[in-house]
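**Student:** Pasting a structure below so you can have a look.
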């Protein structure tokens, strides 16, 4: 039972162990029903869940996402990191349900119409855009003919 | 409850329709006996059905001279002004509407009918993440407050060329991220059916504007259901075209492999005519398809409503996974009634099961977050948009983005950054793409043996405002019906099919029909027949129906 809970994401394993009712866990739709059955994040079972330390290792990673590092990579300064952390954790745990699916031999899919329509590119011929003045009007800091930015090089990263 | 049935006076505006000899829906004897029977509906005695096409009616009136484009524009603008304080569908209303209407009147006076495009005099709302050169385009975000694009999106350019008048930019969840329109950086839009409820999202403003008859049709964008779910919540028709049918040039990118521009209107015919006007290959969009665009307008002319079983032999697959627990019983009843209606029209409705259906939701959110983290990196406060004062470049980026983006956008960018970061790409993004292949193949199999597939457009009717604000997973769960269609790139049409108790006169429910790639004409034909023969329902919200100037 614990293994099954593991495959489908840490967040739901507590439900599986504690509930005597058979919840349809293989069906993500049943998962949503069970989520609403739990009454959402205000339910004590959920609060207990996110704080619990599990002995079993998750398939992907055990550490919570480093929100500070993510924010730096994404170039967004975050003052309310504490607020984002648990929400992101919750969603990433939910993403984890894809781990249990057998995806051997399946090609990652993008919509590709090259076979039916051929290459769909413009001719490689430069064309002048007629409204460059409108572009310049949109620049927040324009110092003709430069786009002004603050200093690029700095000592500490 | 169904007080939206119009008094005879109000039907005079619309052409009289000869409805086919369809019996009123039976309250029992369903061939799909494991679903709850639909509640008994009052039988409508009024002869008129829903209007076939407002666009064609407008065209006829303009050509016959019974109304001028200016009068029409003034009447829509006055209704807009009357209802806007309660609805807030528009972030920006154009100040050149009457000027454009005058130009159309001049054209008619000079050259007569031949000069008029197919959308002549038609008022169009444009979602604010679609660029318009003469109006601000904010994407619903403070980071682009007052941004004026130097170009029109291709869809906007085409609708203008065909005579359409852009009445304004409609409200949306920031950059298309959200399912309620509460995620807008500017204002909250209300649902015309119940002002305390959301219109859906992210094209909530477009749906509410059409529903409240502030405009005739509107443009929205659909990445995970953002045209179809608000169409269902607001009781209007919404179409998501096949990926590549409409050019994405000028649509602010959210998830490039999932985004499409879609149409909303009060009737299937209007949506079809509008789709025709904006579709087609575009050299500025390498993902736009060279497939020929069928003439959707002539499609409607050829449909014979007097035939007793016009859809005889059509195979319809009802997706089994969309009627499980978690779907409101009222929605299930409405869909069940729609199934009976389709059977009366001659369809053969059977159940289909789509394996991997439930995996679509996490796969979608992984893919959409990942692609959006890349697409939104262009908002750096340097070339356009809001810029904060900083003495160092990285701080400029970080602070401009932090002060401009809302919390949902920040969260999705962070989740996407995580899913794409080194070490996690294979676990999340690649697996999601593989799931995408599974979903696409399961749809293809189902559509090989069925003409169309049907499902509810959403598991519930419109939520109350604030209901989903602090619970991201619960909000994401509402997209279960729609995301798989985006993953597969298929077209889908949502047609209002019934009501559920709630609000002053009930809350609308939409039926989603999914078709094979580039076969919108099949969806439109079926949707049009379904809509024209639907008795007992009139999808005009009380906000409009109670207005004494509404004729």
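Placed from the backbone N, Cα and C atoms, the Cβ positions cover glycine too.
From TrEMBL, for reference:
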REGION    B:28-50  region 'Disordered'
DOMAIN    B:72-524  domain 'Amidase'
ACT_SITE  B:127  active site, charge relay system
ACT_SITE  B:202  active site, charge relay system
ACT_SITE  B:226  active site, acyl-ester intermediate
**Student:** According to DSSP, which kind of secondary structure is residue B:127 (active site, charge relay system) found in, if we only use helix, strand and coil?
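**Tutor:** Note: residue B:127 (active site, charge relay system) is in a strand by DSSP.
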**Student:** I'd like to know which of the active-site residues B:202, B:226 has the most other Cβ atoms within 10 Å of its Cβ.
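**Tutor:** By the 10 Å Cβ neighbour count, B:226 comes out on top.
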**Student:** Any idea what the Cα distance is from residue B:127 (active site, charge relay system) over to residue B:226 (active site, acyl-ester intermediate), rounded to a whole Å?
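**Tutor:** Cα-Cα, rounded: 11 Å.
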**Student:** Averaging the per-residue pLDDT over the domain 'Amidase' (B:72-524), what integer do you get?
**Tutor:** 94
